[in-house]
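Enquirer: Take a look at what TrEMBL says about it:
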- D311: active site, proton acceptor (ACT_SITE)
- G191, R255, G256, G280, N281, G282, T283: ATP binding site (BINDING)
- N281: Mg(2+) binding site (BINDING)
- T309, I310, D311, M354, G355, R356, E410, Y462, M463, I464, R465: substrate binding site (BINDING)
- 184-486: domain 'Phosphofructokinase' (DOMAIN)
- 1-20: region 'Disordered' (REGION)
- G282: site 'Important for substrate specificity' (SITE)
Amino acid sequence: MESLSRASIANPGTLSPTSSSASYFLFPRRFRLSNGFSSSSAFGNLRRIVSRGRVRAEIEKPNAPVIDFSDPEWRIKYQKDFELRFNIPHITDVFPDAKPIPSTFCLRMRTPVSEDFAGGYPSDEEWHGYINNNDRVLLKTINFASPNSAGAVCIDPDCTWVEQWVHRAGPREKIYFKPEEVKAAIVTCGGLCPGLNDVIRQVVITLEIYGVKSIVGIPFGYRGFSNSDLSEMPLSRKVVQNIHLSGGSLLGVSRGGPSVSDIVDRMQEKGINMIFVLGGNGTHAGANAIHEECRKRKLKVAVVGVPKTIDNDILLMDKTFGFDTAVEEAQRAINSAYIEAHSAYHGVGIVKLMGRHSGFIAMHASLASGQIDICLIPEVPFQLHGPHGVLTHLKYLIETKGSAVVCVAEGAGQNLLQKTNATDASGNMVLGDIGVHIQQETKKYFREIGVHADVKYIDPTYMIRACRANASDGILCAVLGQNAVHGAFAGYSGITVGICNTHYVYFPIPEVIAYPRPVDPNSRMWHRCLTSTGQPDFI
């Protein structure tokens, strides 16, 4: 039976540079370029390469069809392929005869839906708060003039501008579910993240505004579908009213779970026809598998994801909820490390932050604090020893400044550690502790060269994960939760909701979970971080 711990999803694009300038190009998943550029496979095939002192990344995918850029129609073909890939699944794909009804969501009409409206739902046709199904949001907003521009994301070697549009999120004037027939379920999977309760709360509140009376929470992730000892939790506005004031998840979280077939069996038994899944890449892969299984069985079920990853590593989105809170809370750890280092004779403070594959938290926290001398992330290789290593630079900082502070992402420098070959319940590789390794190597290095160093190490991971969402994340969670419900009632399934260029959009799940979104080492944000830290290349 298939497992929800991991799912194989085709990659929608690639990051591939053309030169040592480390410019990145985004290509469609089914195309291989006739000039030698290639589209990518999974993130696991990402190769980090050092060339002429610059870091670049490649992802390769063999046996893909060829695009001929000399074909004057290539842009049209590319756009058609893009539109096909980003077309979001709808109930009418399986039930072409499904009839929409006027939306029960109207903020001018606040009368609760009841038996009084058995013959039809009240609707204010003059309310202009609905989203047209043809509304689109531009995916990319910068027209790069050259592939050598910092952070350039190009389709072809000439950086030709091609408009790419995605579906705008929000309430529709017509809906495909009658509220009194809906039984909605919410499930939170993976690890904890600030904002989970905020999203749960807004999903419940918005469902009730539509008129849904049957709302349940599935306890402890996908596991709650198979464990007979775990009962579903009835949810209402009264139950969730103040849960956003606390961190964690009202429903609990866990990794892994039963097979897709078993989950859909349980959904059928319980009469669930709307499910909102809060989680990261692995959880979304499971949600997409549930969506496909429901379509296969011809079940009228809406499966909608809300991307939850504190690492901010979901493709195509500006940010995911919990990230801003993590960056803000990380400031406390960084400031503590700075005070410890600054107050000691030859003090060195080391802070390890979250980021298995992507260094967004470490990069943004370092830039925000202004107290970091060295920032190490998974996307940029480094050496500890040698004339250009991190330890040599730490010695220079001790000699010139008297102290130093290092911020390292948990996934950085894994090549320096012995592999564990172990995986967690979600199928993620168990990482070695790079923070402890740097701490030990730093102490050893200074001891060997006869220089005193007072090294302090701080790992605030679980303190950050358990925090209540800050104001910025609170707003993001509220809008994501609301739009998830709007998408489900509009008849969409197999989608996730996110923020793109400051606007809220719907994406088909496979396009955002192909691989974790990495930091571009040639991006302006990484350059800004380097400007702040003043660190050299450690290679």
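The backbone N, Cα and C atoms fix where each Cβ goes, and this holds for glycine too.
Map these features onto the structure and tell me what's around them.
Expert: All protein chains included, D311 (active site, proton acceptor) registers 27 other Cβ atoms within 10 Å of its own Cβ.
The 10 Å shell around the Cβ of N281 (ATP binding site) contains 28 further Cβ atoms across the protein chains shown.
Applying an 8 A CB threshold to same-chain residues 6+ apart, the list for G355 (substrate binding site) reads D311, D313, I361, A362, I377, P378, A409, E410, G411, A412.
Mean pLDDT for the domain 'Phosphofructokinase' (184-486) in the predicted structure: 95.
Using a 10 Å Cβ-Cβ cutoff, G282 (ATP binding site) registers 23 neighbours.
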Enquirer: Taking T309, I310, D311, M354, G355, R356, E410, Y462, M463, I464, R465 as the record's substrate-binding set, what's the max Cα pairwise distance in Å, rounded to a whole number?
Expert: 17
Enquirer: Taking Cα atoms as reference points, which of the binding-site residues T309, M463, R465 is nearest to N281 (ATP binding site)?
Expert: T309
Enquirer: Sequence gap of 6 or more, Cβ distance under 8 Å: name the residues on the same chain that satisfy this around R465 (substrate binding site), in order along the sequence.
Expert: G191, L192, C193, P194, G247, I310, M354
Enquirer: Taking only the Cα atoms, work out how far G282 (ATP binding site) lies from M463 (substrate binding site), in Å, as a whole number.
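Expert: With the alpha carbons as reference points, the distance is 23 Å.
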